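Structure first, then comments.
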Amino acid sequence: MAALSLKGVRKSYDGAQYVLHGIDVDIADGEFVVLVGPSGCGKSTLLRMIAGLETVTEGEIAIGGRVVNTLEPKDRDIAMVFQNYALYPHMTVAQNMGYGLKIRGVERALIDARVQAAAQILELGPLLARRPRELSGGQRQRVAMGRAIVREPSVFLFDEPLSNLDAKLRVQMRLEIQRLHARLATTSVYVTHDQIEAMTLAQRVIVMNRGYAEQIGAPVDVYEKPATTFVASFIGSPAMNLLHGRLSEDGAAFDIADGPRLPVAGAAGAGREIAPGREWILGVRPEHMTPLPGAALATLAVDSCELLGADNLAHGRWGVHDVAVRLPHAMRPARGETLPVALPAQHLHFFDPATGKRAG
């Protein structure tokens, strides 16, 4: 195991435009960090640079205190789990898991011991004699993980390993990856576009956007205190409601552009540096708009209501803005019904319209 450090890491393919812009992060020994973001944000490129599959244009990558910028992937003491499993179809599960060690010249007895140990961790013992075509998608992914485990690397790298699995299997594999990390405590970097994977697996999340690390923090902090409107809209399902408007001079009301006036008394309170009498983007998550006793209330004309099982999601509009409100299962307003919604001051977020950055 080893710490992983990225200092001012930048990437350019043509020497003119950068696809990664000065990534700085220190990942502790044994920490599980998730790179999350939409397609084209640079997360997979950054992972490939850590692995040695892409060159570093500027900056420094160090594993265990050793700078690895110029080292080949095989010399970095890393193991990678891919989206597409990359199993040899003519080999058994045991042969697939041990092949990397075999081509490195590791003794057969040690290979067998490591394969058996990994198979026990991943519950693959009864499958060791099978070939990939005889396995389910989840089993194949466990074999791919086992192949990485037998390497006993300093760092695990996961490149969207669950993307090919159905929803039920993704949940199962998330739990298995959590258990695996709890048992091995190996430094891990995991790439995904799925925010649920990011929130459930990570000790820290790096939210990527257009080649920048938009926010780095614990999942709960990223969710509760998004640094920018991008993070607020990307993390959370459904996304945070973001409303453009103007805070009144006394700070007690928020006038939505082409929409209603909302009561927000106390939201711009002491220490939040939210100036009244100017334009802001007001953010509030759907689950915080459920009517509660004592909360400031507004009204929303319901356009539709989605039944999600444990709860419901009501939709409407304030001016040009689509608004979603999460409701308990027993509340299912009909189309056209007027719904009272809460705007609790402690759950209101203000963002600068010019920069998109969080205030206070």
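Heads up, the Cβ atoms here are built off N, Cα and C, so glycines get one too.
It should be emphasised that the depicted structure is a prediction, and the values quoted were computed from it without experimental measurement.
The annotation domain 'ABC transporter' is assigned in Swiss-Prot to 4-235. What Swiss-Prot lists as ATP binding site is Gly37, Pro38, Ser39, Gly40, Cys41, Gly42, Lys43, Ser44, and the listing cites sequence analysis.
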Self-check item: Under 8 Å by Cβ from Gly40 (ATP binding site), counting only residues of that chain that are 6 or more apart
Solution: Arg210
Practice problem: For Ser44 (ATP binding site), just give me the three-state DSSP call. | Solution: helix
Exercise. Give the sequence-ordered set of same-chain residues, not counting Gly37, Pro38, Ser39, Gly40, Cys41, Gly42, Lys43, Ser44, with Cβ within 8 Å of the centre of the Cβ atoms defining the ATP site.
Key: Thr45, His193, Met208, Asn209
Quiz prompt | Stretch-averaged pLDDT - the domain 'ABC transporter' (4-235) | solution = 95
Quiz item: Reduced to three states, what secondary structure does DSSP give Pro38 (ATP binding site)?
Solution: coil
